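**Student:** Copied straight from TrEMBL:
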BINDING   90, 122, 145, 235  S-adenosyl-L-methionine binding site
COMPBIAS  1-19  compositional bias 'Basic residues'
COMPBIAS  180-190  compositional bias 'Low complexity'
REGION    1-23  region 'Disordered'
REGION    180-204  region 'Disordered'
């Protein structure tokens, strides 16, 4: 029997399935044969495997250049010392944004004429996200930065790709009096990015817990009056000091002080994005940021709960040995769920209950699940030892449970016309204890071919809302999806 440690390792998430490099990682030998400027950086192991020296900035920069040219037809370059992005890693973030936009969790408006418009916070000289987003999906961008070098080279990279240049605006951020200016720091310093370039958790970060961000504007005073965006994205400065940034010199991807460092590190920087989002609210459908330390996610999600967002979502980005996390939130009310028989529904749905009041445990939630379905007339069988409730519901029961809260149109299945089908909706609800104050509730559809299976998702949503209202401390209606 495999150990828990081994099973956990096997279950680690993989690169985004839509990523070009998901099934076909960069072939160094092929690239070396096609691009003479890349060939000097490729060497071969004893087993004949092509490799590059990840500690050589020139090698990583040239790899990024040829990947963007070979796979995306993008012409690109940055001066020495500027942050050099890894293309597969950055592509993960772009594809996650695409998932968010296509999920229809947040309704779209026609403010931008139906075109997707993004905002890249701190685009850097590399301007990688706007270049990828515009070339892959035709998205338009406003890309901001504060340094003259970043603005100059971002504009060059945009102009060198005339097929998408009209889609990207480079916007200079005015520096405030509080903007930090590093003294005596060389632009040639570097830090690790291709592998896990962040310091280990053994570092003493307690001294920074009370630090707040101060520096140039991020969104407020950069976004103009009346502007609206579908999303913003950000690769924040992960570190609190330049010394901290160089603690893992296993690779060299460059990076200036402004790109890597801010007081309080990424936690303070992303907190400021959250604070700006409270001011801008629905100017953005989705606010997003990359997170370098998983330990910061809990703090940031808690902060989002405090400010009353409507949706919070997290993900994990994986590329090789590099792990990053994505955080997104919105102030736009989620769209009503419209159920159609032509859409394939998931047969397993789950949600997290966080911030559960101390006097309640898994058994209380389980009993409340049973009561919820009994109130709608459904048949329930509770197994307290396994923390399971088996539910059987007819069309009438589904109609009662949904309480007419799901709206339908002519082409959409409603409880009235589903009622003609003889089959019932059968599903199971399980309650799992995660950590104190946090439970996972999972619903699994037992008979996917039931005529009522299209209502499963909406019923689970109703159950989630009921349990949150009863057991969770937060009263903001936050959805964990």
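Even glycines carry a Cβ here, placed using N, Cα and C.
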**Student:** Using Cβ atoms only, which residues of the same chain lie under 8 Å from residue 90 (S-adenosyl-L-methionine binding site) while being at least 6 residues apart in sequence?
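**Tutor:** Spatial neighbours, sequence-distant, of residue 90 (S-adenosyl-L-methionine binding site): 128, 129, 132, 235.
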**Student:** Applying a 10 Å Cβ distance cut-off over all chains shown, what neighbour count does residue 122 (S-adenosyl-L-methionine binding site) have?
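**Tutor:** The answer is 23.
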**Student:** Give the sequence-ordered list of residues that share a chain with residue 145 (S-adenosyl-L-methionine binding site), lie 6 or more positions from it, and have CB atoms under 8 Å from its CB.
**Tutor:** 122, 123, 124, 151, 154, 170, 171, 172, 173
**Student:** Quick one: give me the count of other CB atoms within 10 A of the CB of residue 235 (S-adenosyl-L-methionine binding site).
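**Tutor:** Cβ-Cβ neighbours of residue 235 (S-adenosyl-L-methionine binding site) within 10 Å number 25.
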